[in-house]
Amino acid sequence: MRLAVFQPDIAPNLGAIVRTCACLGVPVDVIEPCGFPFSVKSYRRAAMDYADLADITRHDDWDAFQASRSGRLVLMTTRGASPLGAFQFQQTDTILMGRESAGVPDYVHDAADARVVIPTAPGTRSLNISVSAGIAIWAGVQSLS
């Protein structure tokens with residue numbers, strides 16, 4: 001299982017995701033361009049020393065990411081069809097997180113093999129991306145163990 005982040009906007013959120021993935025042994029794909037200058041320094045405060053332990057692959061753009069991946073693409077989205085609790089992950093899945101400001105464009109949404117939503121209380125829009133990523137990764141790891 002892998003976790004991909006599509007054009008992240010906020011460096012500390014990426015840092016928190018990197019830290020979570022390092023702790024759970026999940027590789028991270030960063031699909032650029034980012035909304036900040038990408039460097040370990042930009043997200044290190046949130047990632048702490050876990051940035052050195054993380055398996056991070058940078059992709060210049062969506063096409064480069066698509067060319068490199070295998071397995072199913074599982075998009076975490078507020079427009080999801082499957083609730084997270086009912087979704088069965090596979091070892092070769094890549095969980096995809098959208099941008100904090102805008103999610104993903106339709107062409108990325110359409111490329112997903114599965115669309116999954118984390119149910120939230122009525123009247124709420126969405127969780128923070130790093131929180132959502134942690135929930136999704138944990139659900140994936142648990143379903144595979």
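One is the number of the first residue shown, and numbering goes on along the chain from there.
Placement of Cβ uses the backbone N, Cα and C atoms for every residue, glycine included.
Here the structure is a predicted model, which means the values were calculated and not measured.
Here is what TrEMBL records for this protein:
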type	residues	note
DOMAIN	2-137	domain 'tRNA/rRNA methyltransferase SpoU type'
BINDING	M76, G98, I118, S126	S-adenosyl-L-methionine binding site
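Known features from TrEMBL, placed on the structure.
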residue	record	DSSP class
M76	S-adenosyl-L-methionine binding site	strand
G98	S-adenosyl-L-methionine binding site	coil
I118	S-adenosyl-L-methionine binding site	coil
S126	S-adenosyl-L-methionine binding site	coil
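By a simple count of nearby Cβ atoms, those within 10 Å, the most crowded of the binding-site residues M76, G98 is M76. In this entry, S-adenosyl-L-methionine is bound by M76, G98, I118, S126, whose most widely separated C-alpha atoms sit 14 angstrom apart. Proximity of S126 (S-adenosyl-L-methionine binding site) to non-local residues of its own chain (separation of 6 or more, Cβ distance below 8 Å) is seen for T78, T120, S132, given in sequence order.
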